[in-house]
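As structure tokens, the structure follows; a few thoughts come after it.
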Amino acid sequence: MGLEKSFILFPLLILVLGWVQSSLGKESPAMKFERQHMDSTGSSSSSPTYCNQMMKRRNMTQGSCKPVNTFVHEPLVDVHAVCSQENVTCKNGQKNCYKSHSTLHITDCRLKGSSKYPNCQYQTSQQQKHIIVACEGNPSVPVHXDAXV
């Protein structure tokens, strides 16, 4: 009887361990936001190749070229604080977007018209704009960059 239980429990244990391992490897929406949009150092954001380098480094040119992306060059705590600022309607109609009170230093990356995967080439543009982010969770943190205005 003990051996029969082992044959039943062992596959169940393997399934549970597989599920735990796969869930540990998943990127949360907040982590994805940080990977795709945060660059607090902004060390070389003035370089014309900044977007080409960062889009590749942050895995936004795998399988296709992401057409538009914004990097924010402010401390993460300041970007998190936007989630408690002016509540605005998101582009998709949802009500969980927030607009920064002040303008922030950002870099706008736009895919050049002639650029095609796998050679993704971006136009780099430094700007000072308000950001609008979608926020979720408790505490509320940014999970999506909605716009820069």
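Keep in mind that glycine also has a Cβ here, set from the backbone N, Cα and C atoms.
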Which one, CYS65, CYS83, is listed by Swiss-Prot as the other cysteine in the disulfide with CYS120? CYS65
Which one, ARG57, ARG110, is listed by Swiss-Prot in the same substrate site as LYS32, ARG35, LYS66, PRO67, VAL68, ASN69, THR70, LYS91? ARG110
Could you tell me which of CYS97, CYS109 is bonded to CYS90 by a disulfide, according to Swiss-Prot? CYS97
Check the Cα-Cα distances from ASN87 (N-linked glycosylation site) to the recorded positions CYS51, ASN59, THR70, ARG110, HIS144 and tell me which is shortest. HIS144
Minimum Cβ neighbour count within 10 Å among the disulfide-bonded residues CYS90, CYS97: which residue? CYS90
Between the recorded positions HIS37, ARG110, where is the Cβ count within 10 Å the lowest? ARG110
